[in-house]
Amino acid sequence: MSLWTKESDQWETSVQFLPASNSKALEKRGPGRKITLIILVVVFLAIIALITGLLVWHLRYRNRVKVRKVYSGSMRITNEEFQDYYEDPSSPQFRNLATEVLNQVFPSPPACPHLERQSFSYHCQSGQVITLQSPGFPDSPYHANSYTEWLLRADPNHRIKVEFDTFSLENDCGKDFVRVYDSLVALDKQLMAEKCGVYPPSEPLSFISSGNVMLLTMVTNEDKNFPGFRAQVSQIPSQIPGCGGALTGNSGSFATPNFPSYYPPLINCTWSIQVPDGKYVKVQFKKFLMSEPGQSYSTCKKDFVQIGSTKLCGEKSPSTVVSVQSNKMDVLFSSDMSYVDRGFSAEFEAFEPTDPCPGTFQCKNNMCVDSNLRCDGWNDCGDYSDEMNCKCTNAQIKCKNGLCKPNFWQCDSVDDCGDNTDEENCACRNPEDFTCQNGNCVSQRKKCDGQNDCGDSSDEISCSRGAKLSVVPCTEVSYKCKNTQCINKENPECDGVKDCEDGSDEANCECGTRPYKSSRIVGGQAAVEGEWPWQVSLHIKGSGHVCGASVIDERWLVTAAHCVQDSGQTKYSQPQVWEAYLGLHIQGKMGEDTQKRSLKRIIAHPYYNDYTYDNDIALMELDSAVTLGHSVWPICLPAETHNFPVGENVWITGWGATREGGSGASILQKAEVRTINQTVCNDLMSGQITSRMICAGVLTGGVDACQGDSGGPLSAPGAQGRLFLAGVVSWGDGCARRNKPGIYTRVTKFRSWIKEKTGV
Ligand code: 4AZ
C-alpha cells in the first residue's frame, strides 16, 4: 500500500488545509526562488567588485605604466654601394664605414666643453648684507663655459634687493650674461632682466623682487673672460618707499620706486596730485624708461604710466609733458610680472589756465621754453614746435623742409636740416666731381691720373695701379716710408698690410689697442677701468691733478704746452714739481696697476704761443721706464700725412671739470665727439683756428673737454681697431657751449718734432 493513495481518508482530510491551487504557487517560490536571488546578489557584488578594481587600477597604478616611445630615423649613404657584410655590425667593413660617416658628420671630435656648474643658496636676515660675486672676482676674470646660480630667500613680508657695485661682463649678451628672476626657478615669464657689458657707477644697477625670493644666474661661454660682478644682497620690508602718495603745493617731484635703478615687478603706485584751486596741473617726465620685449608701444599693456586716458610706455624724451584742465591729477604706474626698467622721474607744476607759459614760449607738447630759443635752429621743445613757422634770417640757411639753421652749420658733414639741405652742393656742385682734402673740386677723371690736380695731391692718394700700391713722388698727402720712398695709400700705418718695401709702415705698431672697450655711447660718462691705458694724470706735488697727458712709449708722454708754463709761484716748467700717474682710474686711489713716476725732462714746443695757444704741445720724459701692459699702453702717433676725416667720431677722456666752472671728476670720464670742418670751426671761433689746431665737439652743446682735461688725448679710430692720437686737449670758449667746439693741438703737424725729440 502507498501513503498517497485515495484509500486513506485521514491523509486526505489533513490535506485540506492546503488547497491544490496554493500548493501550486508554493511550488514556484520555494527553493528555486532563493537560488535565483542568491545568484543575482552574487552577480551584483561581482560587478561592483570589478568596477572598484578597475577604478583602483586606473587611479593608482595606470599612470605608472611607462609609455615606451620609439623614435626612429634613417640615413642614406649615397656614395657607397651596399655590400652584404654591411648587414653585420660587428664586421670590420661595417665599423670602417661607420667611422667614416661619423667623421663626416662631426669633422673634428664634437666640441663638448666641460661646463662648470655651481649653485649657491642664501637666506637674508634683517640688517644683514650678503656679498655675492662671480667666481674668481676680483682676483681673476670669470671662468669660461660656466653656469652659476644664486638662490636668494628673504623672510615673509620682505623683498630681496640686489645691488651691483661692479658689473663688467663681455659686451655680447649672446656670449656671457647675468639674469635676474623674480622666482627661485628660471621661469621665462618671471625674468626681470638679462644684463651683459659694463655698468659704471654712474649707471647704478639694482633690482628688487616682488616677493621674498629671487634667482640670479650667470652663464659664460668659451671666449673672452671679463672681471665679472660683485653685488650686495639684503632684505627690505615689502612696503617700499616712493610708491605713490599725495602730492600738494605748486610744484614738486616724484619718481618710480628705486629710481634711477630698476623698479620691482608686479607693482602699482598712484600719485594723487592736487594744486591750489583755480589752477591746472601738468607733469613733465624728465626721464622715462619703460621698455620691455613684447610691449606694444601703442597699447602699453605691460609696464606703463596712465594719466586719465593717456597711457605712456617705452622710452620718452625729457620734453614729455602731460597736463589736465583741473587742479587734480592721478598718475598711475603699473609693472607686470616680467622685465623691469629704470622707470621715470617727473616734476609736477601748477599753471594758470589762461597763461600756461608765463613769459616763455609754449611748445605744442605743452612744455615751456625760453622765448629766445624760438627759431634759433635748435629743437628746444623736443617736438620742433619752436622751430616751426619761422622766417629765416640772413645768418640762417632755409632748409627745404622749412626749418632755419645757422649758416655755419652748412657743409660740416652733419645733416642738421634733417633733409640734408645744409650738406648739399658743399664742395663740388657737380656730383661727378671729386672733393679734394683741401676742399677743392676736380673732375673724377683727374683722380689717379698721375698729376697733382687738387693742389694737395689728394686726388693721387690710394690709387692702386695693378695689384700692388706703387711708389709715387712724395707730396703733401703721400705716406713717406723710412727708406724715403712715398706710397699713395691713405693712412697705411699699422693697418696690417705691408705697403712700404722696407715694411716701415708696419713697424712700431704695438700701440693704440686696449684690453677693455665699452661700446656705450653717451656724452660724458665714467670710463671703464683699463679702457684708456694711455691716459695719464699729471699732478703737481702736494696739489693733485692739474692736466692730462698721453703715453707714447715706456718713457715719453705728450701733453699741452700751456700745462707747463710757469705761473705765479708755481714753476710748472720744472720737471721736479710734477708727478705722473699712469694706469690710474680714480683720483686718489692708486690701483694695483697704477704706476707713479717723476719727470726727468719737459720739452715745451719752442713756438708755443700763450696768447693764441698755437703749437700747444709739450713732451715729458719719465725718470724711469714704466712697465707696459693692459693698464698702461701707448697710443699710436699718426703719420704727418694721416687724414682724420671731418665728422669722424672721436673720444675725449680726462678727470677735468664735469661742467663749466665746476670741479674735477674723481673717476676718469669719457665722451664721444665729432671732428669738425676747419673752415666751419674757424667761423665759429672768430678766426682763431690755425692749421696746428683740430676742432671736435657736439655743436648742440653738452659734450666737451673742460678745465683739467688739458694735455689729455683726443683718440681717433684707425685701422685694425687701433686708436691714434689725433689731438691734445688745448682750449675752448668755455665748456660744452652751443656752437663752441673744443680745440685740440693737431698732432700730425708735430710728428717729426716728436720723433726728433724722443726718437718715438
Ligand atoms: C681748460 O681750461 C680748457 N672746452 C680745456 C678745454 C676746453 C676749455 C677749457 C674746451 O683747460
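Along the chain as shown, the residues are counted starting at 1.
For all residues, glycine too, the Cβ spot is worked out from N, Cα and C.
Cβ neighbour count for His562 (active site, charge relay system) (all protein chains, 10 Å cutoff from its Cβ): 24. Under the three-state DSSP scheme, His562 (active site, charge relay system) falls in the helix class. Residues annotated as active site, charge relay system in TrEMBL: His562 (among others).
The active site, charge relay system annotation in TrEMBL covers Asp616 (among others). If you draw a 10 Å sphere around the CB of Asp616 (active site, charge relay system), it holds 29 other CB atoms from the protein chains shown. Reduced to three states, the DSSP call for Asp616 (active site, charge relay system) is coil.
The DSSP secondary structure for Ser710 (active site, charge relay system) is coil. Residues within less than 8 Å, Cβ to Cβ, of Ser710 (active site, charge relay system) and separated from it by at least 6 positions along the same chain comprise Cys547, Gly548, Thr559, Ala560, His562, Cys563, Gly656, Val729, Ser730, Trp731. Taken from TrEMBL, the feature active site, charge relay system covers Ser710 (among others).
Under the DSSP three-state reduction, Asp176 (Ca(2+) 1 binding site) is assigned to coil, being neither helix nor strand. For Glu170, Asp176, the entry in TrEMBL reads Ca(2+) 1 binding site.
In sequence order, Gly242, Cys243, Gly244, Thr256, Pro257, Leu332, Phe333, Ser334 are the residues of the chain that are 6 or more apart from Cys269 (disulfide bond) and have a CB within less than 8 Å of its CB. The secondary structure of Cys269 (disulfide bond), as reduced to three states from DSSP, is extended strand. The annotation disulfide bond is assigned in TrEMBL to Cys243-Cys269 (among others).
Within 10 Å of the C-beta atom of Cys300 (disulfide bond) sit 18 other C-beta atoms, taking all shown protein chains into account. Residues annotated as disulfide bond in TrEMBL: Cys300-Cys313 (among others).
With a cut-off of 8 Å between CB atoms and residues at least 6 apart in sequence, the same chain places Arg374, Cys375, Gly402, Leu403, Cys404 near Cys390 (disulfide bond), listed in sequence order. What TrEMBL lists as disulfide bond is Cys375-Cys390 (among others).
Residues or ranges marked as disulfide bond in TrEMBL: Cys392-Cys404 (among others).
Cβ neighbour count for Cys426 (disulfide bond): 15 (other Cβ atoms within 10 Å of its Cβ, all protein chains included). DSSP assigns Cys426 (disulfide bond) to coil in the three-state reduction, outside any helix or strand. Per TrEMBL, disulfide bond is recorded for Cys411-Cys426 (among others).
All chains included, 22 other C-beta atoms sit within 10 angstroms of the C-beta of Cys417 (disulfide bond). Marked as disulfide bond by TrEMBL: Cys417-Cys481 (among others).
Summarising the annotation, TrEMBL assigns disulfide bond to Cys436-Cys454 (among others). A C-beta separation below 8 Å, combined with a sequence spacing of at least six in one chain, links Cys454 (disulfide bond) to Phe434, Cys436, Gln437, Asn438, Asn440, Val442, Glu460.
Taken from TrEMBL, the feature disulfide bond covers Cys463-Cys494 (among others). Residue environment of Cys463 (disulfide bond) contains 15 other Cβ atoms, counted within 10 Å of its Cβ in all protein chains.
Taken from TrEMBL, the feature disulfide bond covers Cys474-Cys486 (among others). Sequence-distant neighbours of Cys474 (disulfide bond) (same chain, 6+ apart, CB under 8 A from its CB) are Lys480, Thr484, Cys486.
If you look up TrEMBL, you'll see Cys494-Cys509 (among others) marked as disulfide bond. The number of other Cβ atoms within 10 Å of the Cβ belonging to Cys509 (disulfide bond), over all protein chains shown, comes to 16.
The feature disulfide bond is assigned by TrEMBL to Cys681-Cys695 (among others). Within 10 Å of the Cβ of Cys681 (disulfide bond) there are 25 other Cβ atoms, across all protein chains.
Residues within less than 8 Å, Cβ to Cβ, of Cys706 (disulfide bond) and separated from it by at least 6 positions along the same chain comprise Gly656, Ala657, Thr658, Arg659, Glu660, Gly662, Gly732, Cys735, Ala736. Annotation comment: TrEMBL describes Cys706-Cys735 (among others) as disulfide bond.
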Residues among the recorded positions Cys243, Cys426, Cys494, Cys681, Ser710, Cys735 that border ligand 1 - Cβ under 6 angstroms, in sequence order: Ser710, Cys735
Cβ neighbour count within 10 Å of Cys411 (disulfide bond): 18
Residues from the same chain, set at least six apart from the ends of the transmembrane segment (35-59), whose C-beta lies under 8 A from its own: none
Counts by DSSP class (helix H/G/I, strand E/B, coil) across the domain 'CUB' (243-351): 0 helix, 60 strand, 49 coil
Between Glu170 (Ca(2+) 1 binding site) and Cys695 (disulfide bond): CA-CA distance (Å): 33
Around the Cβ of Cys404 (disulfide bond), the count of other Cβ atoms that are within 10 Å: 19
Among Cys313, Cys392, Cys426, which are recorded as disulfide-bonded residues, the nearest neighbour of Cys509 (disulfide bond) by Cα: Cys426
